Amino acid sequence: MSAGSLRIALVGNPNCGKTALFNQLTGGRQKVANYAGVTVERKEGRFSAPSGRVMQILDLPGTYSFDAASPDEQITRDVLEGNYPGEAAPDLIICVADATNLRLHLRFVLEVKRLGRPVVLALNMMDAARHRGVTIDVPELQRRLGIPVVETIAVKRGGTRALVERVDGDLPDAPPALPDDPASRANLHDEVRELMAATVTMPRATAVIDDVLDRWALHPVFGVLTLAVVMFLVFQAVYASGKPMSDLIGRGFTWLGEHTAAVLPPGPLHDLVVSGIFGGLGTVLGFLPVILVLFFFILMLEESGYLPRAAFLLDRLMVSVGLTGRSFIPLLSSFACAIPGIMGTRSITDPRDRLATILVAPLMTCSARLPVYALLIGAFIPERRVFGLFNLQGVVLFALYVAGITGAMAVGWVIKRIRRDKSEHALLMELPSYRLPRARDIGIGLWERGAIFLKRLTGVILALTVLMWFISTFPAPPEGATGPAINYSFAGHLGRFLQHIFAPLGFNWQISLSLIPAFAARETAVATLATVYAVSGDAQNGGLAHALTGNFSLASALSLLVWFAFAPQCMSTLAVIRRETNSWRNVAISFGYMFAVAYAASFITYQVARLFV
Amino acid sequence: MRLSDLPKGAYAVVERVEDAHADDLIAQRLRDLGFVAGEQVRLVACGPVGADPLLIQIGSTRFALRRAEAARVTVQEVA
């Protein structure tokens, strides 16, 4: 049987080691996409069996049961039954079960068997099972189930050989299809109990190491302290390694742009290449190291099994502001950059909780706000001690961080109040066994995230960057014009138009103008202000600070700081919201509510500050 | 007694899962996860704030349940 390829679907409970098995079988030959119209991830890969036959393998989402209404589980069921539009029914199902957790996983095996399609059961994590003294009578299990059963160790080279050989052989006969009704479903547990009693012996229910680790990791005091330390270290690592790499990439592209520019004649094309293409690419690719470093840690925490523990510790706090324990890590990531934060919400299984997290994530103070904060605080806030202890500049910076966090909590709370779906959404989260993360799985995970970012976002961001360049360059200044060229461009006109909107916030037209490129990347607001005030840019922040203090008031500066804390920026974030929620409506909601919040907060700040200073 | 009233570290045997309202998907999910009559459970740990959520071990699996979810499960404590 070497003709044609075989379509295989991989299913199993969450935490059965399915993804590790998929990675072991396919290596890097995978394609990650979404199912049409929904944000459920579709992963497909292929490998060649010893007979030369090509195996196309589809990794379906982890599923506890076919009964519940979650989109993942619905898709899993439809694909297996061949009812999913555009998706051919699989020739063979590989059902993966964790050999150390058969009481839970065998129930799903029985559900899959009832579909009446050819199934092979892969008893995964056999190494861990043996280590814990679990013995399984595989021939007896196979006889009782009536489907082929093979042992696998997904994390070991060669650990899937038996499975590949079985799959490469003749297709097993399909078990009889059984009707799916509540009465027969209730019997599944009895069937599992019988199977367990006849084929499995376990010296103890759990691994000793899990019990010991959980006593610490979930302790009300030590557990919370451990979490704080872990998060602090992750954060430090992101700043220590991700940020310098990002800066290096940014500088690299500036250099590249300048050198390319040297061979081009001056003119619009020249500027397009230097500021549009290379500047834009530098900004986009500059996000990449931060994203990769953050995802490295998120994947480590996820693979090791610590992530659900962190969610356990924080669930109650997050629920009180309309989120879930699982929102914590994405929100924390958003302090570095909202893009990996929003991409990280994929670990939130509940769609409603996930959307709420995506909506509040951009309010976390990301690293791109820092240059703007640093400039304005340095220029307007005097460096002096308050209460003899704190530096006033530091206090203002801290207050801006707090404003972001309390803003997010308030927005979460409001979302909880106004959403139509007020039904109870469950936590019901499994805390899997601790595992040592494997380099291969981390590597593939990082590659996937990086590829999604580059492939899906570069186009959008680049197009918008070029548009930004266009409106700031054209039309060219008239003959004999004295001011900076941007004043005469579309952006200049737009800035003056926007000033009518932003005047109540204390923004002059130069600030209003700088908000336009800030929409592409916040930190460029600094460079724009330098251009319009015709001071030599970033090398002379002192000069720019001087120009700023001469041109607008403290009240305006405070108002601008508050604006940057809440404003709907940057467009990369909005692009990733579009990509992750598959909806322009959510982009509009994000943009709209952040604009309203930022406008109101800046208005109040400006009007109040004016009374005092 | 309800699973949410179980003292920390205690063992109990599940009696049934009650629907909090008609068509209760959470109760259905609990049954699917193995909360059925006769299964032994143990309250392993509680969250740091308000002792919520609860960590319940059933078989070899640990589930984090919020108090409202655990209150659907009626159990008999094992001495």
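Each Cβ is built from the backbone N, Cα and C atoms, and glycine gets one as well.
These come from TrEMBL:
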- A:5-173: domain 'FeoB-type G' (DOMAIN)
- A:216-239: transmembrane segment (TRANSMEM)
- A:277-301: transmembrane segment (TRANSMEM)
- A:355-381: transmembrane segment (TRANSMEM)
- A:393-415: transmembrane segment (TRANSMEM)
- A:453-471: transmembrane segment (TRANSMEM)
- A:544-566: transmembrane segment (TRANSMEM)
- A:587-609: transmembrane segment (TRANSMEM)
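Tertiary proximity for the transmembrane segment (A:544-566) is limited to same-chain residues at least six positions away from its ends with a CB under 8 Å from its CB atoms, namely 363, 365, 369, 372-373, 375-380, 396, 400, 403-404, 407, 505-508, 510-511, 515, 518, 522, 525-526, 529-530, 533, 535, 537, 594, 597-598, 601-603, 605-606, 609-610, 613. Listed by sequence, the residues of this chain that lie at least six past the ends of the transmembrane segment (A:277-301) yet keep a Cβ under 8 A from its Cβ atoms are 230, 234, 237-238, 241-243, 245-247, 249-250, 252-254, 256-257, 260, 307, 310, 329, 333, 336-337, 339-340, 343-344, 347, 367, 437, 441-442, 445-446, 449-450, 453-454, 457-458, 461-462, 465-466, 469, 520-521, 524, 572. Computed over the domain 'FeoB-type G' (A:5-173), the whole-number mean pLDDT of the model equals 90. Note on the transmembrane segment (A:216-239): residues 290, 293-294, 297, 301, 306, 309-310, 312-314, 332, 335-336, 367 of its chain, located 6 or more positions outside it, place their CB under 8 angstroms from a CB of the stretch.
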